[in-house]
Amino acid sequence: MSDDDDKIYIYSDLFSKNFSDDEKDDSYEREKQVYSGSETQNAENEYSKLRAQNSTILNNYFDNDNIKNVENLKSNDPDQIDLILFPVNKNYYMNLFDGQLIENIHSIKLRKAGFYAIYVENNNNSKWDGIYFGLSRMQVELDYKLITKKNKDGGEYEKRNTSSYDNTESVQNTVGSEKEETENKNEETSNYNSNLNNEINKICKYNLDQTDILLDDSNSERRRNSKFKIKNTNYYDNLMLQNKYTNSILYDDDDDKNNTETYTCTFKTEDQIRVPSQKKKYIYLYNKYDNATLDLNVHTYMSLGMSILCKYSLLYCGKYNHIPRDPYTPFKKPVSILSLDGGGILTISTLLVLNRLEAELRKEIGSDDIKLIDCFDMVCGTSAGGLISLALLREIDLQDVSNMWPSTIKKVFEGNRNIISGIFFEGYDVNNVKDVFLERMGNKFMSSYKKFYCFVTATDVKHKPYKLFLIRNYTHKYNSINAESYDGINKVPLWLAAWATASAPTYLKGPSAEDIKKLGINIKPEIHLVDGALKASNPALIALEECARLNNKNLSTFIKEDLDTLVSIGTGQVPTKLTQSGASSKSASTFEILINSTHLLTRANDTHREVLQRLADRENTYFRFNVPHIGDIEIDSQDVRDFDLISKATQDYLFDEKFYEIKRLAHKLANNYIRSKYL
């Protein structure tokens, strides 16, 4: 045994070792040398404290080489931090880092306004988590801060890096002079933009005045002009809001001020997240302005100086669209609606009906490029029907949806679950199911899709009595007339909407207020969402009421004046009776949901009868497809024989009972499509 092996190191000896070459060049180490001669108190001085913080000895203990990834460390000097541009050339995904992490600092210029997601994955071997005897875990910690032009102009901008610089005074003077110069430029730009906006408003006002003069020849024209003026002046005032931070004149980005929604959705501009070993997390943020800056500081937490294998990325999740763009004319033509019932695996029947209808439509028009979804102004769904609606909103082809559907539904309802196991093991495999929704639906937000109006139903069990909650891609300017105004939100990613609408109690725990907050999304009042089938297994009537509300008309007037076609597809499913009666201070459990849901379930056929009565005077308007003899099949069945039974029963139904109705509907949709495109 060598002398070195015989030597016993004590705490003070460890910190009296000579510095390595790297440490001599390190400003942090030089600062520690200043304190190395300070008086010792309780066997510990300032020098030992600082050196313990850096944990370089443990690095040398576990590995002969310094395991810090020096290439990925950014300088403390803000001028030396590389500015990353994102997105670039329609590349909406960027892998920022994948490897052994100690500490990385990034400054990213977000070139587009819209929603973003930060993804962090900790691939550390969990065996190291026992180093603290189970009291804590080695984690990846990420601090982020979104800095917009508004923050900079207001003088609120500060760099996240809090490390000391060698020449603090000179740096402060430099920053101060640069700040004064920047403020002067910003003031000039702001004045220029304000003057420009005033000039544009004067021009627009002059044009409106000239329109009044030209249309002043007759009383009838004057009346028409008066109506036009009242309508468009309000619309113009809302649209042409001055934005002191951009050169464009658009809607105010704070859309909550321009609608009647009671629920608000906000995002943090700075926060901190920690990811344990073998876990991954998403955090979402909303950038209102082009060319904002996102600062990231990613480092290990409670790792004793060891590096952690991880990766993290940045995703662009779509632009926020104001839907409808013109709230006074939400529909440019008579409205066609597609409504899809819930029903688990029974929605195989729904897809067969949709595919058959699309085939007939293409035959009528004579083109294989036409999509069925192009013929509808609103698409909605509940539970599994909601998943299909979201897939169509994402513009996935019907055939592709059909191909992936059995495996998707199987994963959502995976396992032999019953009411007992559902109550006591709620949330079983919820992370795996969330991964399925992420893979199938993606991270883009509902409001980033504007091809047609879309909503999926959910049930809010945070408040009693439980109530219907809609996840939409649009907002309402008006309240309903002589009807209920349904609550809802539109600033959520598609996968979260899918999780909410398909969270059938005893199968899948729905997203609670805490789950949503962990994603960086703050919804007020708080919500806890589960399967929409508890309130509306058939959303056809809800769709009619939503369209009437968008048009600012009562339901009867909308049906008489604006409705063209309503297509409702059922699943033959009679909902199983579960077992309702303020706000709950905690998330409702599966047991509470079951106990309080005896009278919540609405049968799909009851809704069908009510819609039929309301549309009795409208010929060739309402089309309902609901395959018989499949309602007794369990919605979570994994039996291939049940799949075959559903397929055969649906094919027989379409080619026997509904053969001519399919052709009649396809002919009507084809004529509507041709008129809207070419006439």
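Just so you know, glycine gets a Cβ as well, placed from its N, Cα and C.
Just so it is clear, the model here is predicted, and its values are computed rather than measured.
Taken straight from Swiss-Prot:
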type: REGION; residues: 19-45; note: region 'Disordered'
type: REGION; residues: 155-194; note: region 'Disordered'
type: COMPBIAS; residues: 177-188; note: compositional bias 'Basic and acidic residues'
type: DOMAIN; residues: 338-544; note: domain 'PNPLA'
type: ACT_SITE; residues: Ser383; note: active site, nucleophile
type: ACT_SITE; residues: Asp531; note: active site, proton acceptor
Checklist outcome for this item: Rounded Cα distance in angstrom between the residue listed as 'active site, proton acceptor' and the residue listed as 'active site, nucleophile' is 6
Next on the checklist: For a quick check of understanding: among the active-site residues Ser383, Asp531, which residue's Cβ has the most other Cβ atoms within 10 Å?
Outcome noted: Ser383
Item to check | For Ser383 (active site, nucleophile), the three-state class that DSSP assigns | outcome: coil
Checklist entry - Secondary structure at Asp531 (active site, proton acceptor) (DSSP, helix/strand/coil)? => result strand
